[in-house]
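Participant: Handing you this structure, nothing more for now.
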Amino acid sequence: MIKGIIFDLDGVLVSTDEMHYLAWKRLADELQITGFTREDNRRQRGVSRMASLEIVLEKADRVYTEEEKAELAERKNNYYLELLEHMDESAVLKNVKEVLAGLKERGLLLAVGSASKNAPVILEKTGLLPYLDKISCGLDTTKSKPDPEVFLVAARKLELSPGQCLVVEDSAAGIEAAAAGGMKSLGVGPFYRLLHADYEAPMLCEVQNWDEILK
Ligand code: BG6
Ligand code: MG
């Protein structure tokens, strides 16, 4: 029986994908990497900042040192933070707060399991913090999804076993991470049909079969 739900943040609770894309594109343009596309950006979903940078640099015509990479990742994050400055409750995806409140009423424990080091600030700006019991994010982990670390940390914080947790994800890396951690998964978002999750729906607010999923 499922007792806790661990939600990915970007693309599941809030809409930040376009901001990530614009910030990486700005960096790619500065580096004169012309081939960075939305398809590359799709592969960045769910994976850490440094792993995302490697996807941008795949198309670079030179090799970057670790120091340079650290500077590039920081530069991208500054561009991303500029975009986040204007973020408010309108970035929350459709009916997410109502769904979270309904799940809470059923007695479930709710957590975020996100690769993002910006998760706390995003949750604060969007007013989502009061809906969540625990946060596990890029600040708590050293391994990027598809490693299950971020979800295992979330389960531990909720004081639940992996088998008692359901993961909600919009990325292939995240669904893989859930399976690797021994957790059932619900795939949502524009690519939900490609994720091979245990359950699927286009958006969180369109999930019809909570009784079946939570049994
Ligand atoms: C994930 C996003 O949630 O967080 C990725 O899907 C992003 O695209 C990753 O790279 C890390 O985010 P941040 O905010 O720590 O750079
Ligand atoms: Mg995501």
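Just so you know, glycine gets a Cβ as well, placed from its N, Cα and C.
In TrEMBL, annotation is done automatically, which means it is predicted and not curated.
Okay, so TrEMBL annotates it like this:
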type	residues	note
ACT_SITE	ASP8	active site, nucleophile
ACT_SITE	ASP10	active site, proton donor/acceptor
BINDING	ASP8, ASP10, GLU169, ASP170	Mg(2+) binding site
BINDING	ASP8, LEU9, ASP10, TRP24, SER52, LYS76, SER114, ALA115, SER116, LYS117, ASN118, LYS145	substrate binding site
Participant: Which binding-site residues, if any, among SER52, GLU169, ASP170 have a Cβ under 6 Å from ligand 1, given in order along the chain?
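Facilitator: Passing the 6 Å Cβ check against ligand 1: SER52.
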Participant: Within 8 Å of the Cβ centroid of the Mg(2+) site residues ASP8, ASP10, GLU169, ASP170, which other residues of the same chain have their Cβ?
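Facilitator: Here the non-site neighbours turn out to be PHE7, LEU9, GLY11, VAL12, ARG45, GLY46, SER114, VAL168, SER171, GLY174, VAL188, GLY189.
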Participant: Are there residues of the same chain, six or more positions away from SER116 (substrate binding site), whose CB falls under 8 angstroms from its CB, and which are they?
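Facilitator: Those within reach of SER116 (substrate binding site), by Cβ under 8 Å and sequence separation of 6 or more, are LEU9, ASP10, ARG49, ILE122, CYS137, GLY138.
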Participant: So of SER52, SER114, which of the binding-site residues has the fewest other Cβ atoms within 10 Å around its own Cβ?
Facilitator: SER52
Participant: Could you state the whole-number distance in Å separating the C-alpha atoms of SER114 (substrate binding site) and ASP8 (active site, nucleophile)?
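Facilitator: Distance between the two Cα atoms comes out at 5 Å.
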Participant: Tell me whether SER114 (substrate binding site) sits in a helix, a strand or coil according to DSSP.
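Facilitator: Its secondary structure by DSSP: coil.
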